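Swiss-Prot lists C4-C9, C5-C15 with the feature disulfide bond, giving similarity to another entry as the kind of evidence. Taken from Swiss-Prot, the feature cysteine amide covers C15.
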Amino acid sequence: NGRCCHPACARKYNC
């Protein structure tokens with residue numbers, strides 16, 4: 001699944 005967990009995305013997607 002296309003999960004984005006690097007810092008820039010972690011803010012939005014809270015990984």
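Heads up, the Cβ atoms here are built off N, Cα and C, so glycines get one too.
Spatially close to C9 (disulfide bond) yet at least six residues away along the chain are C15, judged by Cβ distances under 8 angstroms.
According to DSSP, C9 (disulfide bond) sits within a helical segment. The Cβ of C5 (disulfide bond) lies under 8 Å from the Cβ of Y13, C15, each on the same chain and at least six residues away in sequence. For the recorded site, C15 (disulfide bond), the DSSP three-state label reads coil.
On its own chain, C4 (disulfide bond) has A10, K12, Y13, C15 as residues at least 6 apart in sequence with a Cβ closer than 8 Å to its own Cβ.
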